[in-house]
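**Q** Take a look at this one; I'll ask things after.
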Amino acid sequence: APGFGLYTLLLCVSVLGNMGNLFLWGGDNTVLTNESLLMNVFPENTRVTLECSSGYIKESGSEFITCSDDEWTESELICKKKDCGQPPPKPHMKFNTSEGTLFGALVRVTCEKGYQISGSSYKQCYDQGWSGRASCEIVTCDQPSIANGYTSWDSENDPEYNTAIRYTCHEEYTLIGSDTVLCDENGEYSPDQPVCNGKADALVCFTSVFLFLMLVAITDLTTTDAKVSTFSDSSAAPTVHRTQTVTTSSIPNLSTLPKGTEKL
C-alpha cells in the first residue's frame, strides 16, 4: 500500500510537470492539436502532436514531441506565415500591396479613373484568404437639363463617366456656353452646362449694362465739376476799393481869368 501511494503521488507530479513543459513548448506560431489537448495523462514515451497556429503553415520539422524521462523532447516544427498571394482581380480595380501578401498584411483597394469604390477600401490576409468585399462602379452625373431648350440625352438612367451631352435651344433663344459637355470623373459636367437666353433676357442684360455705364458717367461728371469749382474759388483775387484823389491846383482860379469870361 505505501508503494502504491508513492507511485500515485509521483505519477501526479509527473503529469502536472509534463503538462507545464508541454504548454511552454507551444510557441507563438505552434499549438497543440485538439486530440492532444484532450489527453489527461502522459505516461513515459507518450507522443503528442503539434500544429501550426492559424495563419501559419508548416515549413519543416516534425509535428511530434515525446515524453521521455519526465521531459518533453524539443519541438522541431517550424511554421511560417501563410501567403495569400495577389488578391483576385476585379474589373477596373487596383491593389497596393506595399505591405506584402503574407498573413496579417493590409492591401489598399483603389479604382481606375472614372470609377468609384463600393464596399471596403482595404483587404486583409487572413487564414482563409483575403477579407473584405469591394467593387468598382462607374461614376455617373445627374440628369442634364436646360431651360428653353433640350439635350441629346433621352435615357431614364443617369449619364455615365465620359458621356458627351449636346444642348440645343428653342427658336428665338441663344445658347450661352458650350453646346457639348462631358460627364467627368467627379460626377460633374465639364464645362458647366450652358443656358438659353431669349430676346427679353438680352434686353434686360443690355438695359442693365446701359444703366451701369450711365451711372459711371454721371459720377465722373459730378466729381469733375466739384474739382473745377474748388479751383476757381481758391484762385480769385480779392476786390480792392481805391479812393480817387482830385488835385485842386488843376482847377483854374476865377480871379485870374480875363474880364468878361467869368460868366461864360
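Just so you know, glycine gets a Cβ as well, placed from its N, Cα and C.
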**Q** For the disulfide involving C196, grab the partner from C141, C169, C183 as TrEMBL records it.
**A** C169
**Q** Do you know the DSSP helix, strand and coil residue counts for the domain 'Sushi' (82-138)?
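**A** Going by DSSP assignments, the domain 'Sushi' (82-138) contains 0 helix, 29 strand, 28 coil.
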**Q** Ten-angstrom check, please: count other Cβ atoms within 10 Å of the Cβ of C169 (disulfide bond), all chains counted.
**A** 20
**Q** If you skip the near sequence neighbours and keep only those at least six away, which residues in the chain come within under 8 angstroms of C196 (disulfide bond), Cβ to Cβ?
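**A** C196 (disulfide bond) has long-range Cβ partners I146, A147, N148, G149, C169, H170, Y173, T174, L175, I176.
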**Q** How does the model score the domain 'Sushi' (139-198) in terms of mean pLDDT?
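**A** Across the domain 'Sushi' (139-198), the average pLDDT comes out at 97.
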